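**Student:** Submitted below is the structure of interest, expressed as structure tokens.
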Amino acid sequence: MNSSSHLTLLDLTLNASEDNILGQNVNNKSSACEDMGIAVEVFLTLGLVSLLENILVIGAIVKNKNLHSPMYFFVGSLAVADMLVSMSNAWETITIYLINNKHVVIADTFVRHIDNVFDSMICISVVASMCSLLAIAVDRYITIFYALRYHHIMTARRSGVIIACIWTFCISCGIVFIIYYESKYVIVCLISMFFTMLFFMVSLYIHMFLLARNHVKRIAASPRYNSVRQRASMKGAITLTMLLGIFIVCWSPFFLHLILMISCPQNVYCACFMSYFNMYLILIMCNSVIDPLIYALRSQEMRRTFKEIICCHGFRRTCTLLGRY
């Protein structure tokens with residue numbers, strides 16, 4: 001990662017080895033804190049696994065009509081975001097590897113343009129992930145507290161419009177990040193967006209779980225009460241809690257890195273923390289790998305559809321193993 005005073009979004013999201021590509025010196029960094037090098041194979045493996053898993057998730061949602069609900073549409077949006085961030089990191093790693101080993105010769109200016117595209121993809125992904133998680137949280141809130149009117153409030157058409165708005169907003173953010181990549185205010189904007197959405201989601205969760213128990217008791221007295229639906233709604237809320245928890249754990253070091261990059265780039269301790277940037281990229285990719293596992297763990301319908309898709313492509317030994325679960 002580049003720790004130069006030129007605070008570009010590019011510098012914040014490249015691997016440590018990019019300094020050799022651009023021929024820039026790493027300043028303000030303690031000699032005791034060297035950049036952590038991670039094998040290219042690790043990035044490629046995580047990128048490939050994430051790609052396959054999230055394609056499986058999207059395929060399951062498309063294939064199974066029982067998964068054609070607003071919550072799973074938002075899950076599909078989250079899967080696309082996960083796939084995007086993993087693939088952008090993997091592609092960037094391949095590009096850096098090829099240039100470092102002189103397999104391809106590209107002008108520094110063109111390399112920077114390519115990296116701007118990769119960085120934009122990461123920005124689009126994190127904003128899309130946050131927006132999709134927020135949409136799922138709102139969907140679960142409506143399911144629990146407005147159960148009898150849920151299908152009138154959250155229709156498939158409305159969920160489609162919401163997803164379209166999410167990705168239009170995210171792509172617009174990506175374009176802005178490319179245009180103003182030299183400004184540190186772009187980074188401040190991204191950090192502010194992260195904590196603002198995090199605040200809304202956590203507040204919604206606290207409110208949701210504090211009131212859920214009393215609401216369940218009250219609605220249970222209604223003759224139209226559906227206990228199965230209510231349990232499914234709470235299960236969906238717990239699944240979302242797991243997704244949000246993993247998202248915070250995996251993305252927080254990255255955003256802390258951005259904060260330190262702006263606030264204390266010359267501090268030795270900040271420099272030491274920033275020297276592990278490659279590890280923070282790995283954590284982000286791990287988030288993309290873990291999310292589909294959570295879907296499979298929490299949804300029997302999703303597991304069954306995964307099995308059908310895998311078996312449909314002739315992996316009979318894998319199907320035999322899956323059949324045990």
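Here the Cβ of each residue, glycine as well, is placed from N, Cα and C on the backbone.
Taken from Swiss-Prot, the feature N-linked glycosylation site applies to Asn2, Asn15, Asn28, supported by sequence analysis. For Cys311, Cys312, the entry in Swiss-Prot reads S-palmitoyl cysteine, with the evidence type sequence analysis. The annotation topological domain 'Extracellular' is assigned in Swiss-Prot to 1-37, 98-114, 180-186, 266-273 on the grounds of sequence analysis. Among the features that Swiss-Prot reports, topological domain 'Cytoplasmic' is placed at 62-73, 139-155, 212-239, 298-325. Annotated transmembrane segment per Swiss-Prot: 38-61, 74-97, 115-138, 156-179, 187-211, 240-265, 274-297, in sequence order, evidence recorded as sequence analysis.
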**Student:** Would the transmembrane segment (240-265) count as touching the transmembrane segment (115-138), i.e. at least 3 C-beta pairs under 8 angstroms with sequence separation of 6+?
**Tutor:** yes
**Student:** If you count other CB atoms within 10 A of each CB, which of Cys311, Cys312 wins among these recorded sites?
**Tutor:** Cys311
**Student:** Excluding the flanking five residues on each side, which residues at least 6 beyond the ends of the topological domain 'Cytoplasmic' (62-73) place their CB within less than 8 Å of a CB in that stretch?
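**Tutor:** Same-chain contacts beyond the ends: 136, 139-140, 143, 154-156, 158-160, 163, 236, 301-302, 304-305, 308-309.
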**Student:** Which sequence positions outside the transmembrane segment (74-97), separated from its termini by at least 6 residues, show Cβ-Cβ distances below 8 Å to it?
**Tutor:** 14-15, 17-18, 21, 40, 43-44, 46-48, 50-51, 54-55, 57-58, 61, 111, 114-115, 118, 121-122, 124-126, 128-129, 131-133, 135-136, 139, 159, 162-163, 166-167, 243, 281, 284-285, 287-289, 291-292, 295
**Student:** Reduced to three states, what secondary structure does DSSP give Cys312 (S-palmitoyl cysteine)?
**Tutor:** helix
**Student:** On average, what pLDDT score does this prediction assign to the topological domain 'Extracellular' (98-114)?
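**Tutor:** The average pLDDT of the model in the topological domain 'Extracellular' (98-114) works out to 79.
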